[in-house]
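Annotated S-adenosyl-L-methionine binding site per Swiss-Prot: 40, 65, 66, 67, 90, 91, 122, 123, 137, 204, in sequence order.
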């Protein structure tokens, strides 16, 4: 399972298609996200640390939009509550297949890991079990804005008292100066990680109709409307942030 460098947009394309999580993306995804999302490794590792505080015995821990299972692996490394199991969900068959391979490899390297179930499913239609932790790591931004509140409301209903939703998202900013500055700094981050101007421009064209970021205020108000009592931002690097939402 070699990790390939992300060169998906390195050559000029006559027409840039919308971004999809297909086999081509799966092959380069670890390199792509490390070079595109500032703070990603810190978020992933600490998601497991945070989850360990909120996880309760004999409950489900969800990784919604699991991609290759990085968050699931972090949950399994850090959570020690008896009887917990991780349910990793993604709607990309290519992602699910590779995720299962990575988790099998993790099983061979570590002992006493939480059991895990990997589902190829649409989280908008997924019936949730009682859960103490739900992680959504850069997933909500790919869901149609008009469907986000209903999903968060169902997650809130599934969360047990004392549990938590950990939500990581790219942010948009209402203040134009702030938005422009952080956007330019994010582009500088990509350049510093070896992406060319062509790659940056074509990736932007591919993803702009697929990913719709919200402001922190919108996230907070929506989470409250979904029934969460407290929203605590715990991490931000440039225009990427992670929140803890408490029931």
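Placed from the backbone N, Cα and C atoms, the Cβ positions cover glycine too.
Structure with Swiss-Prot features highlighted.
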residue: 40; record: S-adenosyl-L-methionine binding site; Cβ neighbours (10 Å): 19
residue: 66; record: S-adenosyl-L-methionine binding site; Cβ neighbours (10 Å): 29
residue: 90; record: S-adenosyl-L-methionine binding site; Cβ neighbours (10 Å): 26
residue: 122; record: S-adenosyl-L-methionine binding site; Cβ neighbours (10 Å): 11
residue: 137; record: S-adenosyl-L-methionine binding site; Cβ neighbours (10 Å): 25
State, in Å as a whole number, the widest CA to CA span among the S-adenosyl-L-methionine-binding residues 40, 65, 66, 67, 90, 91, 122, 123, 137, 204 given in the record.
-> 25
May I ask you to report the DSSP-based helix, strand or coil state of residue 122 (S-adenosyl-L-methionine binding site)?
-> coil
Under a three-state reduction of DSSP output, how is residue 90 (S-adenosyl-L-methionine binding site) classified: helix, strand, or coil?
-> strand
Reduce the DSSP letter at residue 40 (S-adenosyl-L-methionine binding site) to three states and note it down.
-> helix
With H, G and I counted as helix, E and B as strand and the rest as coil, say where DSSP puts residue 137 (S-adenosyl-L-methionine binding site).
-> strand
